[in-house]
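Data first, discussion second: the structure below is written as structure tokens.
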Amino acid sequence: MSQRSTTADEASRRPPAAIDAEAQEREERRWTPRKIVVWGAVALLGAVAWSMIALVRGETINAIWFVFAAVCTFLIAYRFYTKVIERHVTKPDDTRATPAEYAENGQDFMPTDRRVLFGHHFAAIAGAGPLVGPVLAAQMGYLPGTIWIVAGVVFAGAVQDYLVLFFSMRRHGRSLGQMARDELGRIGGTAAILATLLIMVIIVAILALVVVNALGESPWGVFSVGMTLPIALFMGVYLRYLRPGKVSEISVIGFVLLMAAIVAGSWVSQHPVLAEVFTLERTTIAWLIIVYGFIAAVLPVWLLLAPRDYLSTFMKIGTIVMLAVAIVVVRPVLEAPALSEFAGGDTGPVWSGSLFPFLFVTIACGALSGFHALISSGTTPKLVEKERQTRLIGYGGMLMESFVAIMALVAALSIDRGIYFAMNASAAATGGTPETAAAFVNGLGLTGVDLTPEALEETARSVGEESVISRTGGAPTLALGLAMIMQQLTHSGMTSFWYHFAIMFEALFILTAVDAGTRVARFQLQESLGNVVPRFRDTSWRVGSWVCTAIMVGGWGAILLLGVTDPLGGINTFFPLFGISNQLLAAIALAICMAIAAKGGVRRWLWIPAVPLAFAAVVTITGSLHKIFSPNPAVGYWAQNQVFRDALAAGKTSQGTATSPEAMQAVVRNTTVQGTLSVVFLALAVVVIVASLVSVVRTLRGVGTPSSEEPAVPSQIFAPAGFLPTPAEKELQARWAEHDGSRTSPVRSH
Amino acid sequence: MAALAGTPRGGWSSLRSGWSSLRWYVRGVLGGSAYDGYLAWHARHGHGRPMTEAEYWRSRSDHQEANPQGRCC
């Protein structure tokens, strides 16, 4: 990056802000022998890896093939497909200034080095989602999940992230909701904003449910996760009053304290009195998280949210690098089948529903995550230095997240299958004791699975828990997989440490998502209420902010409590709702992108956003229809509702896994909530998609409203587009360096 | 940026430049270098006295307070 100048004389001596388009074209089109060999090798390795995964039917498969298949596919997609998108849809122009340049304010608008922004954006989009979904999807075997993660990200997820980022950047970093209003009109826009708000509530609730399930009856987990609060508060005070701005320093201190908290957790779990104190029931933990969510969302940002954000970014990048290294070094052998016994039906014990559409909603983050559209139209577009860098940051960042999902899948598949099902089937099914759980798993009729109660007890002991049975939600399974891989790299005595390390870092992400989500939702609610009672628009009005925070926390808290007390197993029935709502948001985002692309003159290549949109729409609409209309009680919410109402009317006192009239009433209540939400989501999504189609048709007919793109401002800075500068970019960089050197004071160094 | 592009030299100095690149990167990703960015911006466009580091971070968190950003799942 370089300095800007204002005088005409200087402007004439300034090097150009973009490399010559023709030179760039020539460079890209020139196929040197070295380039051909490299890309040939990548393609070949990818093809071999995919054959190993998809075609070779051995007893076992090595995890390294998953890494090769994913990485080679990602490289090819990034090198070739994104160029197609660039050429035909986005058409980035580096002579145009980005909002970070023309609206720079030293705060949220600030041109940021592309490599730094890549890390920053990745840390903001990646959370517990890509770690949890693939674990649950492992029920179907490894093949469907792997194909969906890789193909989904290439054609849908990364396309969405990239397009939203690009279009938002061209619109002064406007949010998805604002873009919906601008491009789709009042009805489409309002439906999109309402859907976003509801979806946020659902997502926060289900994420919180994952934490509750991971911490229930686990004194070690409760203690170490609980310790993250005082640690974050300490970090906040340190940064505010002791050493402002020393972010890396306090993050290292915080990290050391976290590790100490994990180690101390082991001692707590063995202490007779403390273990008792920290052994909490799931309902209690749910209440604690609800109270926490309210307090965290009204506390000043600097005290809790910001410091925990630093900690979670630090942990996120560190752990993911560590896991990648571990998988490559250990190369675990997976014993799972490509397609499991449950792939053909809709009665899997982990989650019910058929492969299509439910696999595609179970793995949301990592393949296609609508939530990313909120990030890609939030902080990141205001920091992008040059237009062409959006390809690296938007598309590349999502490929990275997808890679995390592949690693999570590998980790989940590397544990014993019997143990996997014992951990992930609901307590109502497993009975909760080693004997009943082993009998249940052995009764599933899985080939090659013979689970003993001793194996379950031994596993629990090795990770320092009372029991691992029915620890649903995905987090504990991933933690176990990660611990098994890491202990091979370190020491077998460290299994329990690594298990709790993984639990803690997942909880850390989720708690950050919980209070950040509550804050965002609170602001949205205030804005909406502001239309009726104008005073609510004033976000610094204490009463208004508390009331709106309480409403939002009440919303997700209620769903969380329903999930925790659900007689049918919570995650099993609620997770599809999470996936559907996330994917619905993706459909909304893609619909907005399609409308914008059409207004930008894209015609033949409109399929680039339209195909993933069609897919996401079909998946979510079919999924919702299954959930609303399926006659199978395990799948359809209303069918289940009917079964339990009939049973209650007939005077029965138990039905299926609900063993009391109260539990049966709980099922009736929960299925009513779930069924109603499904209907509402479906309606909102259909409204937004139809609004975008109307907008596209009007544009094609030449009667549409113009797009809200900001007018072009000439750029006065230059920076390369990709991770490594190309020869032409290097040459221009050198000219800029010379130009800056000839000026009085080089401002920037690091 | 220069540190990342630095050419490899002898053992000790390349280790040092590697360390400074890593530091630069971590600081950037965590957001610790925001104040440097502000100072650079102020030098070009600002008026009057730039905020001190403590003032800057306060104004930054006030700004975050009023413009919340989601974190992904």
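Placed from the backbone N, Cα and C atoms, the Cβ positions cover glycine too.
Any TrEMBL annotation is an automated prediction that lacks curation.
Per-residue confidence over the domain 'CstA N-terminal' (A:62-622) averages 93 (mean pLDDT, predicted model). The domain 'CstA N-terminal' feature in TrEMBL is assigned to A:62-622.
Annotation source TrEMBL lists region 'Disordered' at A:1-26.
With a threshold of 8 Å between CB atoms, the same-chain residues lying at least 6 positions outside the transmembrane segment (A:36-56) that come near it are 62, 65-66, 68-69, 71-73, 75-76, 79, 142-143, 146-147, 338. Positions annotated as transmembrane segment by TrEMBL: A:36-56 (among others).
The annotation transmembrane segment is assigned in TrEMBL to A:62-81 (among others).
Feature annotation from TrEMBL assigns transmembrane segment to A:117-140 (among others). Away from its own ends, the transmembrane segment (A:117-140) comes close to residues 148-149, 161, 207, 210, 312-313, 316-317, 320, 336, 339-340, 342-343, 348-351, 355, 359, 362-366, 369, 371-372, 375-376, 379-380, 383-385, 389, 392-394, 396-398, 400-402, 404-406, 408-409, 411-413, 420-421, 424, 473-475, 477-478, 481, 506, 509-510, 512-513, 571, 575, 579, 582, 723 of its chain (Cβ-Cβ under 8 Å, at least six residues beyond either end).
Same-chain neighbours of the transmembrane segment (A:146-167): 53-54, 66, 69-70, 73-74, 77, 81-82, 85, 89-90, 92, 125, 134, 137, 176, 179, 359-360, 363, 366-370, 372-373, 376-377, 380-381, 384, 387, 390-391, 393-399, 401-402, 405-406, 409, 586, 589-590, 592-593, 596-597, 608-609, 611-612, 615-616, counting only residues six or more beyond its ends whose CB sits under 8 Å from a CB of the stretch. Positions annotated as transmembrane segment by TrEMBL: A:146-167 (among others).
Residues or ranges marked as transmembrane segment in TrEMBL: A:250-269 (among others).
Among the features that TrEMBL reports, transmembrane segment is placed at A:284-305 (among others). Within its own chain, the transmembrane segment (A:284-305) has Cβ neighbours under 8 Å at 204, 208-209, 211-212, 215-216, 222, 229, 232-233, 236-237, 239-240, 511-512, 514-516, 518-519, 522, 545-546, 549-550, 552-553, 556-557, 560-561, 564, counting only residues six or more beyond its boundaries.
Marked as transmembrane segment by TrEMBL: A:317-334 (among others).
Annotated transmembrane segment per TrEMBL: A:354-375 (among others), in sequence order.
The transmembrane segment annotation in TrEMBL covers A:543-562 (among others). Residues 201-202, 204-206, 208-209, 212, 283, 286-287, 289-290, 293-294, 297-298, 514, 518-519, 521-522, 525-526, 529, 535-536, 574, 666, 669-670, 673 of the same chain, all 6+ positions outside the transmembrane segment (A:543-562), place their C-beta atoms under 8 angstroms from a C-beta of that stretch.
Feature annotation from TrEMBL assigns transmembrane segment to A:574-598 (among others).
The feature transmembrane segment is assigned by TrEMBL to A:605-625 (among others).
The transmembrane segment annotation in TrEMBL covers A:677-697 (among others).
The stretch in closest packing with the transmembrane segment (A:677-697), judged by the count of Cβ pairs under 8 Å and taken from A:62-81, A:317-334, A:354-375, A:574-598, A:605-625, is A:574-598.
Looking at A:62-81, A:574-598, A:605-625, the range that has the most CB pairs within less than 8 A of the transmembrane segment (A:354-375) turns out to be A:574-598.
Sequence-remote contacts of a segment are chain residues at least 6 beyond its ends whose Cβ falls under 8 Å from one of its Cβ atoms, and for the transmembrane segment (A:62-81) they are 39, 42-43, 45-46, 48-50, 52-53, 142, 146, 149-150, 153-155, 158, 324, 327-328, 331-334, 395-396, 399, 402-403, 406-407, 409-410, 413-414. Distant neighbours of the transmembrane segment (A:605-625): 84-85, 88-89, 155-156, 159-160, 163, 353, 356-358, 360-361, 368, 576, 579-580, 583-584, 586-587, 590-591, 593-594, 597-598, 678-679, 681-682, 685-686, 689, 696; these residues of the same chain sit at least 6 beyond its ends, with a Cβ under 8 Å from one of its Cβ atoms.
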